[in-house]
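Shown next, in structure tokens, is the structure this report addresses.
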Amino acid sequence: MSTNKFVVRITNALFKSSLASNSPPVYPKRIRHFEILPNEKWVIWGPGKGKFLDVLNNKYICEPPLSLRFGFLKESSNILPRIEQVAFKGVMPTAHLSARYEYFKDDYDQTCKQFIFDKASGSNAVSYKVETNNRQINMELYNALVENLNLSSLQDRWVMGLSNGQMRRARLARSILKEPDLLLIDDPFLGLDPAAIATISQFLAKYDSIEVSGGCPIVIGLRYQDTIPAWCTHICCVDEKNGILFEGPIEKLQSKMDETRSRALKELEQLKKASNSKEDISINDLICIHPMYGKKEHEIIKMPHLIELDGLSVSYKGEAVLENLHWKVQPGSKWHIRGDNGSGKSTLLSLLTAEHPQSWNSRVIDNGVPRRTGKTNYFDLNSKIGMSSPELHAIFLKNAGGRLNIRESVATGYHEASSNNYLPIWKRLDKNSQEIVNMYLKYFGLDKDADSVLFEQLSVSDQKLVLFVRSLIKMPQILILDEAFSGMEVEPMMRCHEFLEEWPGTVLVVAHVAEETPKCAHYLRLISPGEYEIGDMEN
């Protein structure tokens, strides 16, 4: 790679999504010059990072045709560039939420090793696999990847059993094992705990020095609020509407970066003040119909615990995940559920929503009543729960993203039975329920294009916002927010956090980044099976 003069070069280019004459350009102005050289480590920074990574991935049509060039291709080559783009949106796709926890029953599951190889598919019920390509696997590189990404002990684990952080590392290994010419990674640290962030960051910092890989240039995408790793050498600040604002060596642009970040925060505060001054729908207007609204402390303490775990233990094939867990949740309380990736947080939440095969356990007590097979109804339990999570996001996008608009997407939150129901319901709602949807859309700034924009056409941030509003709409007793704000822009996230401070129901939050964590009064920290901490937050 070092013999090439450049990796990627853009010269006086205009990018479009199609050849149609009326197709609008991705950015209104031409990109005069942008270049990545060997040994440079770039971060694409700001709200336009996703589009720009797509530009580098050759996903758009460039005018003139040779205005986007790749230095690792020969001038006369007809071979397309080998570019791997890794976007972390949810976990391994599954047909329904409970499949995430029924992985040991899935006839078409793969081990972590098979997933990283990405060569075959087949059933666990038979002894053979169907080869999907004839690509030769570089086993030296594979061994180096699993060692450096801490995947050695996970090679034989089923993919559906991996935590979000483990799955993130496996996806990274899968892409790099294809030995691409260029690796693009959007939000590499999103939703990860500090230990997982350190593992991936250290790996990316030294990747080009792993001898068996041969190395390839890596470009990452980060938001304004993200910490830029010290190993990044260059930055390209991209606005979603105007394209490149500035680019070059980080050491020469630090003051400009500080100014841009500061200006973005000031604009955010101004938007917030303007919004508050003009607001004709208050938070009280939105929450006054919640069953817990207006409840006094002396009334709440007389109620049974909404959730009680009385020495709960859960294991997979003899391996403990949760052990002897005692936890009580009072109605209306707000909890931050903490723990490293793989500590059992997702398992705990799946038990509460009855998506886990071991949910029917008398040591799980709902409103003072122990769960028992045949006595406790899955649909009754979920009628009281609202949820937003990476798993739900991935499944909603796949199953409903191309057919439901914003208003219809939010309205599906009214389905009593489960958060996993995406069937259209808007036209069947009564006028009162429709008005509630409309009020929520207006308050959260989603009303303008609510009928004309499909869910899949939204940015990741707006998709997250729609799913958050969807989780509120049926006034659930329990609101589960599993990484609900990872990937959300600062302004809507702050609005959501402000709203949650007034929300009268019980809230269970999983978040690894302090800025993405709404205010909570208590915390449960899972450390290892049988070891945990419960305490009060210091807000």
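Easy rule for this one: first residue shown is 1, then count along the chain.
A Cβ is built for glycine as well, from the same backbone N, Cα and C atoms used for every other residue.
Database features, via Swiss-Prot:
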- Gly339, Asp340, Asn341, Gly342, Ser343, Gly344, Lys345, Ser346: ATP binding site (BINDING)
- 8-265: domain 'ABC transporter 1' (DOMAIN)
- 307-537: domain 'ABC transporter 2' (DOMAIN)
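In this view, the densest Cβ surroundings among the binding-site residues Asn341, Ser343, Ser346 belong to Ser346, judged by other Cβ atoms lying within 10 Å. Around Asp340 (ATP binding site), the same-chain residues six or more apart in sequence whose CB sits under 8 Å from its CB are Gly165, Asp193, Ala195, Ala196, listed in sequence order. Sequence-distant contacts of Gly344 (ATP binding site), defined by Cβ-Cβ distance under 8 angstroms and a gap of at least six in the same chain, are Val314, Val321, Leu322, Leu526, Pro529. Other C-beta atoms found within 10 angstroms of the C-beta of Gly342 (ATP binding site) number 20, with every protein chain shown included.
Taking a C-beta cut-off of under 8 Å and a sequence gap of six or more, Gly339 (ATP binding site) has these contacts in its own chain: Asp193, Lys345, Arg525, Leu526, Ile527. A coil conformation is recorded for Asn341 (ATP binding site) in the three-state DSSP classification, outside any helix or strand. Across the domain 'ABC transporter 2' (307-537), mean pLDDT in this model comes to 91.
Other residues of the same chain near the ATP site, with their Cβ within 8 Å of the Cβ centroid of Gly339, Asp340, Asn341, Gly342, Ser343, Gly344, Lys345, Ser346, are Ser163, Gly165, Asp193, Leu526.
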